[in-house]
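A.B. asks: I am attaching a structure below and will ask some questions about it afterwards.
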């Protein structure tokens with residue numbers, strides 16, 4: 001028969017045997033042996049331990065950095081201790097049978113090695129600068145960056161085991177260690193931390209202002225546009241290009257320039273032509289011959305096949321046709337218009353018919369001068385690239401040139417004709433001669449063009465001979 005089973009006595013007998021099998025000899029110094037539980041009140045002083053085979057013997061413990069190799073052989077004898085091998089350590093006095101393995105810092109937790117492992121100290125791991133430790137359990141931790149408190153100020157700086165504590169600005173609330181905008185508040189907890197939102201300007205704006213403001217802007221723009229138009233029509237320096245479009249007038253007269261000759265109301269359509277008796281003529285040096293082939297500038301219609309269009313609001317450009325022209329000749333009052341001396345203020349006086357007949361060219365030449373074909377011959381004889389130079393030399397201003405170009409649009413030939421006609425109207429009658437045009441063309445080295453104009457006029461008279469009036 002076996003031993004009687006007594007529940008109260010079985011556990012103390014079985015437990016030491018189980019513990020002896022579970023705990024190996026290498027960890028006997030770390031985990032107390034079951035027999036030590038009964039011998040805690042051992043007479044061994046501090047720094048010594050009971051001999052495992054003889055409880056009456058007290059052996060000295062090994063210093064840190066060493067481990068127990070053999071127990072002391074007897075009382076008063078030294079314990080055999082050995083130094084820990086590399087990669088192992090013991091940090092306290094002990095009677096361990098082997099040293100403990102050194103720990104390693106964990107890179108996945110962003111740990112860094114503060115100090116390496118030595119025989120009497122384990123590896124010391126920590127965090128980098130501006131990081132703190134977030135622990136789980138007693139020893140495990142990971143490193144996290146300290147909060148910089150954006151949208152707030154630092155209340156308590158970052159420490160080894162604690163993140164920065166921030167104080168948020170107005171309009172932000174603290175969530176964890178970050179200041180979050182109150183616009184992102186979606187629960188009642190953050191509503192307690194966020195102040196009441198002030199009403200925006202749009203909510204408090206008067207509804208009448210929304211309607212009145214656009215009206216004020218539109219009225220201001222209209223007023224500015226009207227003032228610009230008035231200034232453009234009033235001041236001379238803005239007139240040249242805008243005067244004829246905005247103000248409805250096409251003729252500009254500058255101060256100091258002769259006024260354009262415009263027929264008075266009720267003027268008889270039949271024109272009385274009066275010529276100066278003393279046209280000016282002076283010898284002119286002839287420059288070298290320069291070819292002036294008009295074919296390079298495009299085909300131009302024959303002067304005799306076209307007539308000048310009426311000038312826009314500027315009065316008649318040319319005299320009437322030869323059939324309606326009355327010359328200053330003696331005759332009965334019912335058939336002709338006699339030229340009589342004008343008032344003293346008049347600058348152009350008609351000469352007696354007998355004296356004019358003695359000094360003026362023949363009637364065909366006069367009619368040719370008064371015919372629009374004469375001006376068209378000059379227009380067709382001068383290259384378009386040199387035309388503005390010609391009218392500038394004749395005394396036409398830049399504003400007048402630009403205005404006539406603007407009025408005639410893309411009709412270059414009609415614009416040139418209008419420039420020449422404007423020069424005729426502004427020039428005294430005794431000076432507006434073909435001889436003057438000839439001198440200007442010679443100064444421009446366009447002698448070939450001058451010959452072409454003479455040929456176009458039929459060769460009845462040379463431009464260098466007796467002056468021929470363009471009136």
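Backbone N, Cα and C atoms are what each Cβ position is placed from, and that goes for glycine too.
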A.B. asks: Which range is it, out of 340-360, 361-381, 382-402, that shows up in Swiss-Prot as region 'N-SMase activation domain (NSD)'?
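C.D. replies: Checking Swiss-Prot against the ranges 340-360, 361-381, 382-402, the region 'N-SMase activation domain (NSD)' one is 340-360.
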A.B. asks: Can you say which of 188-210, 211-233, 234-256, 257-279 is given as transmembrane segment in Swiss-Prot?
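C.D. replies: Based on what Swiss-Prot states, transmembrane segment spans 211-233.
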A.B. asks: Tell me which of the disulfide-bonded residues 44, 99, 127, 158 ends up closest to residue 72 (disulfide bond) in space, Cα to Cα.
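C.D. replies: Comparing Cα positions, the closest of these disulfide-bonded residues turns out to be 44.
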A.B. asks: Please work out the helix, strand and coil residue numbers for the repeat 'TNFR-Cys 1' (43-82) from the DSSP assignment.
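C.D. replies: DSSP composition of the repeat 'TNFR-Cys 1' (43-82): 0 helix, 15 strand, 25 coil.
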A.B. asks: To the nearest Å, how far is the Cα of residue 143 (disulfide bond) from the Cα of residue 84 (disulfide bond)?
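C.D. replies: Between the alpha carbons of residue 143 (disulfide bond) and residue 84 (disulfide bond) there are 31 Å.
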A.B. asks: Which number gives the other C-beta atoms within 10 angstroms of the C-beta of residue 105 (disulfide bond), all protein chains shown included?
C.D. replies: 15
A.B. asks: Taking 10 A as the limit, how many CB atoms besides its own sit near the CB of residue 81 (disulfide bond)?
C.D. replies: 18
A.B. asks: Hey, which of the disulfide-bonded residues 58, 179 is the loneliest by Cβ count within 10 Å?
C.D. replies: 58
A.B. asks: Cβ-Cβ under 8 Å from residue 168 (disulfide bond), same chain, 6 or more residues apart: which ones?
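C.D. replies: Spatial neighbours, sequence-distant, of residue 168 (disulfide bond): 151, 152, 174, 179.
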A.B. asks: Can you tell me which of the disulfide-bonded residues 59, 81, 190 is spatially closest to residue 102 (disulfide bond)? Compare CA atoms only.
C.D. replies: 81
